[in-house]
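For A:2-119, the entry in TrEMBL reads domain 'Response regulatory'. As annotated by TrEMBL, 4-aspartylphosphate applies to A:Asp54.
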Amino acid sequence: MRVLVADDSRVMRQIVLRTLRQAGFGDWDVVQAGDGAEALALTRAEKPDLVLSDWNMPEMNGIDFLRALRAGGSSVPFGFVTSEGSPQMRELAESEGALFLIAKPFDAGTFESALRPHFR
Amino acid sequence: MTDTTSTLAQSVVPMAQDLFTAMVDGEPGLLLPMEALEEPITDPLYAWVDIVGPAVSRTLVVTARETADRLARSLLLKEDDEPVTLEDVQDALGEVANVVGGNLKAMMPEGSSLTLPVVEHAEPSASRPADHEQALLWWGGPILIQLWTSTNGEDL
C-alpha cells in the first residue's frame, strides 16, 4: 500500500505521516509532494493507492489536482486534509470524486474514521 | 464590533484550543486565554492568512521566536534541546494561522478564498487596528491572535 501526501507545509506532511501511524496505517509506503503540480506528476509516476492532499497549495491547488487526475482517467482514491471544512467545500470535494475531507485540526481517531471504511 | 467580527471572535479561543489539543500538545488545557498581554512580545514572529472575496478578513498570529521554536519542536516531535530551523519555525507558525483562518473562513459567506500563510519578522501593514484580539498563554509564552474583518469592501 502506497500513499501520496501532498501539502506545501513540511511540518504538516510530518503530522499527517505521524497521524497515519497512530491510526494504524504505519506500514504504508509514503511519497511526499510539496504542491499540487508536483503531486500530479508524482501520482502519475508512482501510482499510489491513495492520495491525501491539502486544498490550498501553490502552483496547483488541491481541487484542480483532483480534477486533473480525473480528467486524465485516474480513479485513484483521493482524500482532502485541509484547514477548510465548510459544507460547500465538502460538497465540491465529493462532486469532484473525493472519498472524504478531513478538516484540520485532526487526530488519529479522525483519520481512522475516514480511512478505515475504505482501507483495511 | 460587527456581528461577523463578534461571531468570529467568540470562536477563536475554542478553535485555537482544539488545534493545540489535537495537533500540538496531544492533551487539553495547555493553551490558556488571557485578558490581555502583560507586556509586549519580544523578538516577535508574525504569521497571517487573509480571506479574500465577498468576505474579507485577516487572521494574524504573533508570538516570540522562543515560543515559535517550542511550537515547531512540538509539532515535529523534537526534544526540548533539539535545534529547529527558521524554515520549520515559519512553517509551524504559518500552519497555526492557516488552521485558525481556515476554520474562521468556514463561518463566513461562501465564495471567498483563503490565501497561503505568510510569516515575517515584521507585522503586516494595516489601515486600522485589529477588530478583535485575543491573548493566549502556552507554556509561559504569550501568543496573540488578531482579527480584522470587512463586510463593505474597505481595506484592512
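Just so you know, the numbers here start at 1 and follow the chain as drawn.
Even glycines carry a Cβ here, placed using N, Cα and C.
Assigned with DSSP, the residues of the domain 'Response regulatory' (A:2-119) fall into helix, strand and coil as follows: 51 helix, 23 strand, 44 coil. Per-residue pLDDT, averaged along the domain 'Response regulatory' (A:2-119), amounts to 96 for this model.
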